[in-house]
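In what follows, a single structure is set out as structure tokens and then discussed.
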Amino acid sequence: MQKSLIRHLFKFAYREEFEGNTERSTAAYEKVREDASTGLTYKLPLEVEFGKMSITKWLCISCIMVIAMIVIGGITRLTGSGLSIVEWRPVTGILPPFSFESWQAEFAKYKAFPEYNSVNYGMTLSQFKFIYLLEFIHRLLGRITALIYIVPLIYFYFKDIIKNRDMLPYIIALLLFCVQGFMGWYMVKSGLLNSPSVSHFRLAFHLIISVIIYHILFYQLIKNRCDILLIPSQTDLKLPLIFFGIAITVIYVQIFLGALVAGLDAGLIYNSFPLMGDSFVPMEVKDNFFDLKNWYDPVFIQFIHRLGGYNVFLVVVVLVICLLKIEHPKLNKIAYFLMIALLMQISTGIITLLYSVPIVIAFIHQLFAIILLSIIIWCYFLIKSS
């Protein structure tokens, strides 16, 4: 009878729909251990709990590393450092130049490409070292992040800590890591040809791939550790879930547009708000709004990025109202955090524009885009799993 009871408790504690519920699974584990102390031992629950904790730490570190990679990538772009390393050496490029001769050799390579002759002509070696090391740190961080993700993933898989049925999102993230490395070089290569600037489209896709990787890992993290909310069954959650989907979509679009703005230096023109010059719609856009060539025009890109900001504001405000109407204490707190993140994101965006893209404010603006997305993903999981 005791064996049967323990078996049922174990199945309840670790069945698939409760995998993300730490509080319930831990309580069930303690019950199993108490019954086992009467003479029956059951070691598997402890191993499962240890595995969940290990996965949580791994995913948490991986998420932090991806965010750091995104932020440093943004700083690299803002400081004009992205084209300072003109070769792609995934293995041999893990060490920077050390000797004076090595630095001179790297500088000579850089001088052979358009950016030096068109933008940085006359740059000193010490100035070159600054932009080179920023790009080097960005690439090195990408390698370290990939290793931090891949090595534990292999271990967890062969130790059966991550089950076969749960591997799909991790495999997708792994493939995206591989694509991201190639995309980074493909982007840099576009600035080593005739124009001393990278393709703004390649830059945008490079950023979006990083955001998708973060999205996958962060969702697995909260799925692994977050408690399931107890929301009354009569509460209609369809509308909030719809707006969560819309909010995530418009934020992705806005991040993509923000990368286009960065790629075309569109933040350095029309440094006024809410008008662009003397009108809401700039003269350059009014006459040929639907022309595909506009996607290469910094004025048009800045204009639609502004429109995207209004969309994000409206959708997130509606989302906050939906959360407050559910009247759950935890969701109410999250709604306030969501509103704060939204206001920070919009205010830093406006300040970035008004002051012609100061690096620190632009960095904070980019960071809060990830924070805003994270809060929405977290809240989406809580409601979807309740």
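Glycine is no exception: its Cβ is also placed from the backbone N, Cα and C atoms.
All TrEMBL annotations are machine predictions without curation.
As recorded in TrEMBL:
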type	residues	note
BINDING	HIS305, HIS365	heme binding site
TRANSMEM	58-78	transmembrane segment
TRANSMEM	140-158	transmembrane segment
TRANSMEM	170-188	transmembrane segment
TRANSMEM	200-221	transmembrane segment
TRANSMEM	241-264	transmembrane segment
TRANSMEM	303-324	transmembrane segment
TRANSMEM	336-357	transmembrane segment
TRANSMEM	363-383	transmembrane segment
Interface present between the transmembrane segment (170-188) and the transmembrane segment (58-78) (three or more C-beta pairs under 8 A):
no
State the residues, same chain only, that lie 6 or more residues beyond the ends of the transmembrane segment (140-158) and have a CB under 8 A from a CB inside it; answer 'none' if no residue qualifies.
51, 54-55, 58, 61-62, 65-66, 68-69, 72, 90, 94, 167, 170, 173-174, 177, 180-181, 184, 217
What are the sequence-distant neighbours of HIS365 (heme binding site), meaning same chain, six or more residues apart, C-beta distance under 8 angstroms?
GLN345, THR348, GLY349, ILE351, THR352
Restricting to the same chain and to sequence separations of six or more, state which residues have a Cβ under 8 Å from that of HIS305 (heme binding site).
GLN254, LEU257, GLY258, LEU260, VAL261, ALA266
